[in-house]
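Novice: Handing you this structure, nothing more for now.
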Amino acid sequence: MADAYRSLAREYHADRSANILSNHKELERQRLESTSSFRTGIETSFGELFVAMSRDLVLKLEDVLTTDKRIALMWKDAYPEFRDSYIEEAISDELLNTNLMEGVRSTRKETKAAVEAIYGARKGSATPRFGEFARLYKELVNSADTDSRTDRTKMPKDLADIRRVYDAIALDGVPDADKPDGELFRKGSVEIEGPRGVEHAGVSGEVNIGAMLMQMLGLVFSREIPHIPAVIMSHFLFEYIHPFYDGNGRTGRYLLSLYLNEDLSLPVVLSLSRVMAEHRSEYYQAFREAQDKLNCGELTQFVITFLGFIQEAQDDFMKAFGRQLEERTQISPLCESIGRERGLTGPATRILESVFREAVLGTRKGVGLGDLSQELGRSKQSVRIHVGELLEKGLAVYTKRRPLMITVSHAALGRFYAQG
């Protein structure tokens, strides 16, 4: 197997010849002008941004696209209970982990409460902390399901669109002193501190910020660069520009999700922040290496690193899907067995299976009378009678009386998990 692709900086440090500088300059020229490289025309303080379609990158990209086709079929085949549960948990994790990476203090309890409040929101109800953030992700989910974008989930195409995303994602959590003081973005300068002092200074001046963001949008919509590498490079560019004093990370990662959702399945896109949070040191190291002047604007390794994050998010989904597939194959036989033992009617057995699915695969909030009526094709009055069978025999319990919602009892659920 060929050696792994090495960055320009690593090639420089590996060179022990007397011609190290000229060798490095020549290698930079070769990579930049190679027919397998894609140049962006975007100049930075360390060179023009470009990506080389190396062997490593091409293989990872092919694997990501092939795997996503399988995931799309799995997602379509999954029970609604599993999809709902996976999405709600993924949004909660997305909020928690993107806050963690941004240094915003939040708890799992708060992010779960925000998601639950948005999914069960009533008119006039107060928006909880992180509620607007959760609502935006819910709109993204709904847009993917219906294949129609709302104004807030359309891919940003101009500077005002980027500011609208920022307002929804970050503004509420930003201290007044750090809110944008320009027409759309910051007017002043900003520096990013690292363990060894200043690691990066964002682009200076609102006019320059706007100009580079328009270049970023041009990169995202370019038809001359493969889309996924272009989107990953745009994520680097957004953080390089750093258009706001605070909230850049949250905004940038949402934009990354939004743009990647054009090519990749929703459950994978929604898992990315969690993967990046779990690999924070690798995530930030990728930015540091990309900004190394010796790399001359090459983002090949940066793209390879992010493709690795996507692969891990895909692996995580397939493991979760495999678990639910194994569990769901056990539910029907168990419910039929319980139905025979306890003398349940056919409709009651089907209701038991539905509440089992929700408890094992879903959000564990219970199943409503309306959903059961729709699933069985019977009136609510008829369904209520069969729900009564399950309640009377200790196989189900109320989670709510008004509106009526039930879940499987602990005793019945214990039989499922006792199967191993």
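Going from the start of the chain as shown, residues are counted 1 onward.
Cβ atoms here come from the backbone N, Cα and C positions, even for glycine.
Here's the feature list from TrEMBL:
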type     : residues                                                                               : note
DOMAIN   : 157-305                                                                                : domain 'Fido'
ACT_SITE : His242                                                                                 : active site
BINDING  : Asp246, Gly247, Asn248, Gly249, Arg250, Thr251, Gly252, Arg253, Tyr283, Tyr284, Asn295 : ATP binding site
Novice: Within the chain of Asp246 (ATP binding site), which residues six or more apart in sequence place their C-beta under 8 angstroms from its C-beta?
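Specialist: When sequence neighbours closer than 6 are ignored, Asp246 (ATP binding site) has Ala170, Val174, Pro175, Asp178, Lys179 within Cβ distance under 8 Å.
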Novice: In DSSP terms, helix, strand or coil for His242 (active site)?
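Specialist: Assignment for His242 (active site) reads coil.
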Novice: Just the number: how many Å between the Cα atoms of the residue listed as 'active site' and Asn248 (ATP binding site)?
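Specialist: Pair distance, Cα basis, whole Å: 6 Å.
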Novice: Neighbour count first, Cβ atoms within 10 Å, every protein chain included; then name which of His242, Arg250 tops the list of recorded positions.
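Specialist: For the recorded positions His242, Arg250, the Cβ with the most other Cβ atoms within 10 Å is Arg250.
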Novice: For Tyr283 (ATP binding site), list the number of other Cβ atoms lying within 10 Å of its Cβ atom.
Specialist: 18
Novice: Measure the Cβ-based neighbour count of Asn295 (ATP binding site), defined as the other Cβ atoms within 10 Å of its Cβ.
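Specialist: Its Cβ shell of radius 10 Å holds 22 other Cβ atoms.
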Novice: How many helix, strand and coil residues does the domain 'Fido' (157-305) contain under DSSP?
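Specialist: Tallied per class, the domain 'Fido' (157-305) gives 91 helix, 10 strand, 48 coil.
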